[in-house]
Amino acid sequence: MTSEQTLLVLGIETTCDETAAAVVERRADGSGRILSNIVRSQIDEHAPFGGVVPEIAARAHVDLLDGIVANAMREAGTGFAQLSGVAAAAGPGLIGGVIVGLTTAKAIALVHNTPLIAVNHLEAHALTPRLTDATEFPYCLFLASGGHTQIVAVLGVGDYVRLGTTVDDAIGEAFDKIAKMLGLPYPGGPQVERAAASGDAARFAFPRPMLGRPDANFSLSGLKTAVRNEASRLTPLEPQDINDLCAGFQAAVLDSMADRLGAGLRLFRERFGAPKALVAAGGVAANQAIRRSLREVAAKAQTTLMVPPPALCTDNGAMIAWAGAERLALGLTDTMDAAPRARWLLDANATAPGKFANTRAGF
């Protein structure tokens with residue numbers, strides 16, 4: 001396959017608690033079009049436990065994936081014989097789910113003699129703005145989700161430099177833990193955002209972790225502990241206490257995030273010049289307060305903020321299909337012994353928080 005062809009790729013996503021499949025077209029000029037994008041969330045299955053249970057997630061993927069793939073193909077109006085490639089998220093993620101998705105993709109590719117592309121889930125997030133907005137390289141990615149918080153220089157397909165990461169909790173993880181601590185329902189992120197809208201952020205003097213440091217790393221464990229200490233002091237909590245705690249927590253996250261992104265953008269400019277855009281991806285980007293803060297950060301850095309539509313910020317099959325198509329256009333495919341991975345760094349040389357070194361993402 002070459003970039004001069006129109007490519008049709010099926011993408012499969014099963015790394016956490018969304019079972020998803022999509023068909024995406026990549027045209028010869030590099031533009032893309034989503035033909036179908038089917039996502040089945042497992043929130044109802046995991047809500048009684050207050051978080052994702054890996055075994056339940058894997059079993060749900062087994063039960064759901066065949067039907068979701070069939071629906072994606074039907075909605076796209078195409079057949080397996082017409083596919084240019086089959087892409088699956090091969091990690092990082094919950095290993096049981098990753099195995100389900102990758103094995104399914106291998107079976108389809110083998111039966112129909114179609115190229116297989118084993119996609120890094122993080123790379124799929126990184127390349128989504130090229131599908132939605134035709135964003136040109138290089139750009140600065142802020143990936144914030146329940147499992148990941150990273151600032152990444154996106155220099156090309158498979159060419160990434162991690163500028164900053166969290167040394168403890170991911171932002172989405174911290175939101176979920178605060179929600180659980182305060183007795184709010186799962187999933188916690190939207191609940192904290194909703195409560196914060198009715199709270200007084202100035203009531204508590206919560207710390208702003210890592211503020212002013214020259215690196216671009218994040219830390220949220222100390223902030224989380226400060227919230228826990230205040231909640232324990234106020235027990236039993238009144239509804240307004242919960243709102244104020246959420247507001248104070250979210251305000252501290254916003255201040256820390258803005259400072260850390262500012263540092264990341266400075267590192268980007270020092271190494272690679274001005275970014276074409278600041279791109280936000282991951283489920284945390286759906287938080288409206290965070291979006292407002294990101295707009296301010298981008299304006300201060302004199303760059304453009306790009307945020308994919310909410311349905312493409314959270315885990316989905318279209319981003320996997322698109323990353324597969326981008327790699328396929330460069331002739332990058334995988335063999336049937338491609339392994340599922342629970343851990344898979346986007347920048348393979350970034351072994352310590354804040355270390356950055358240019359690398360090609362290998363498969």
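Easy rule for this one: first residue shown is 1, then count along the chain.
Glycine is treated like the rest: Cβ placed from N, Cα and C.
Predicted, not measured: the structure shown is a model, and the values here were computed from it.
Within ASP244, ASP255, ASP259, ASP315, the residue that Swiss-Prot lists together with HIS121, HIS125 for binding Fe cation is ASP315. Swiss-Prot names LEU143, ALA144, SER145, GLY146, GLY147, GLY189, ASN287 for binding substrate. Of ASP159, ASP176, ASP200, the residue it gives for the same site is ASP176.
According to its DSSP assignment, LEU143 (substrate binding site) is in a strand. Sequence-distant contacts (6 or more apart, same chain, Cβ under 8 Å) of SER145 (substrate binding site) comprise HIS125, ALA170, ILE171, GLY172, GLY282, GLY283, VAL284, THR314. What surrounds the Fe cation site, by Cβ distance within 8 Å of the Cβ centroid and not counting HIS121, HIS125, ASP315, is the set GLU13, THR15, ALA89, LEU122, ALA124, SER145, ALA281, GLY282, ASN316, MET319, ILE320 from the same chain. Maximum C-alpha to C-alpha distance over the listed substrate-binding residues LEU143, ALA144, SER145, GLY146, GLY147, ASP176, GLY189, ASN287 is 17 Å.
In the structure shown, across all protein chains, ASP315 is the one of the binding-site residues ASP176, ASP315 with the greatest number of other Cβ atoms within 10 Å.
Under DSSP, ASN287 (substrate binding site) is assigned to coil, being neither helix nor strand in the three-state scheme.
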